[in-house]
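Asker: Right, I'll just put the structure down here and ask away after.
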Amino acid sequence: MLPSQPLLHAAVFALTVLQALASDTFIAAVYEHAVILPDATGQPVSPDDALALMNKNMDVLEGAIKEAAQQGAHIIVTPEDGIYGWRFTRETIYPYLEDIPDPSVNWIPCTDPTRFAPAPVQERLSCMARNNSIYVVANIGDKKPCNSSDPGCPSDGRYQYNTDVVFDSEGKLVARYHKYNLFMSETQFNYPKEPEAITFETPFGKFGIFTCFDILFREPAVVLVSELQVDTVLFPTAWMNVLPFLTAVEFHSAWAMGMGVNFLAANTHYTSMSMTGSGIYAPDGARRYYYNMKTEDGHLLIAELASHPRLSPASPPAVNWSSYALRVKRFSPNVRDFRGLVFHDWFTFTELIQPEGNLTICQKDLCCHLSYKMAGKREDEVYVLGVFDGLHVVEGQYYLQICTLLKCQSTDLNTCGQPVETAQTKFEMFSLSGTFGTNYVFPEVLYSGVQLAPGEFEILNDGRLISKTRPTKPIITVTLFGRWYEKD
């Protein structure tokens, strides 16, 4: 006699748990999704039309989830806005929202879909997780009624939240996170009253979750890692790339290294808004990543990670980011220093005139030191050493300290700091450091063609970012991106 479906599922689930418990590693997946967008309209569509659009996207996501599970993945992350897109006002997004309960209710929507208000999206996501014995992470919209006794209640009588949900391999809702740091265009959503620090335990480590713009702020990002000690961060995002420092793959990889955690970043794919760049990152570098501005295809990434990276022998040691730079004797002032704009911030730059040398440049309390040797100085490419120490005030306010070696867009120094994607110059060596006032420094090395450099550079305990390969591949930028949360 063949086993019944419930018994078969229980057996598969038990085997999955035992396999995870027996290993110090797990298989992670992220899916970069080319979202099917709704038609632009000033009027709300019907709930049926909204669900039809969401089902089209979930059809694609379900295919990726099945493939990931077949390849042994324990968890898959899908993007922010991956189920309905972003072309909304507060009114037009409403038909796409569901009431998402607190996970403490112990609910499996797949087996008990009518327990709460109609929730077809949660039901389907739960079934995807349950039927494939995999944790599923998705981004949807939550609606919560409120009344006039609540002084913060919107005039339409409801709160609307940009929300991440996590279903475990049985289909149970185990995490719900309301995005706290909304991007300036997210007027369809409300800010939660308080930041949420959401964690959950699995057989393969402790996980935390937040969304896109949250990564640049202390709450919840730093709280999850530094105070709650998660092993892995889940990161649905709709990230618009901004060279030279905030391209998705370079910054997300750097953040994982700087914070010492695994980082699973799933981006939407929409090249007309520069949205691409997903990855599976470990503290010692990228395991898999994807950046593609040429086609409109989705892409699945799968890689193995340490369940508890802080306990791994490969876990990088603690870094004193200012130790070396504070001991360096400052060289003579650079007579050719000049100012340049990088993503609305005024940097101080000095040109690398010689094919090798030592340079220092300062702004306010931050001094950046560079030792370098080019493999061959080209007359058609200009590089500069730059420094920024100040408050960034566009699309949000946050305090930065940045040291960077970067290629200018052309030989005209006025183009230094503008986006560049290709380069020809290789370096025999580089060593970059700075007198940082923050311990939150994220190391970035970006090669020509927006390619990462996993395993090709090293962070020394004294705060130096140094090259390991000789020569390097052609360089776009080498950066120490400091985030001074306490000064915001």
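Any Cβ shown, glycine's included, is placed from N, Cα and C.
Pulled these from TrEMBL:
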{"type": "ACT_SITE", "residues": "E80", "note": "active site, proton acceptor"}
{"type": "ACT_SITE", "residues": "K179", "note": "active site, proton donor"}
{"type": "ACT_SITE", "residues": "C212", "note": "active site, nucleophile"}
{"type": "DOMAIN", "residues": "37-307", "note": "domain 'CN hydrolase'"}
{"type": "SIGNAL", "residues": "1-22", "note": "signal peptide"}
Asker: Mean pLDDT over the domain 'CN hydrolase' (37-307): what is the value?
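Answerer: Across the domain 'CN hydrolase' (37-307), the average pLDDT comes out at 97.
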Asker: Pop the Cα-Cα gap between the residue listed as 'active site, proton donor' and C212 (active site, nucleophile) into the table, whole Å please.
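Answerer: With the alpha carbons as reference points, the distance is 9 Å.
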Asker: Mind giving me a neighbour count for C212 (active site, nucleophile)? Other Cβ atoms within 10 Å of its Cβ, every protein chain shown.
Answerer: 25
Asker: Return the count of C-beta atoms lying within 10 angstroms of the C-beta of the residue listed as 'active site, proton acceptor', excluding that atom itself.
Answerer: 27
Asker: Determine, to the nearest whole angstrom, how far the Cα atom of the residue listed as 'active site, proton acceptor' is from the Cα atom of the residue listed as 'active site, proton donor'.
Answerer: 10
Asker: Once near-sequence residues are set aside, which residues in the chain of the residue listed as 'active site, proton donor', 6 or more away, have Cβ atoms under 8 Å from its Cβ?
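Answerer: Those within reach of the residue listed as 'active site, proton donor', by Cβ under 8 Å and sequence separation of 6 or more, are Y161, N162, T163, D164, E186, F189, P192, F210, T211, C212, F213, D214.
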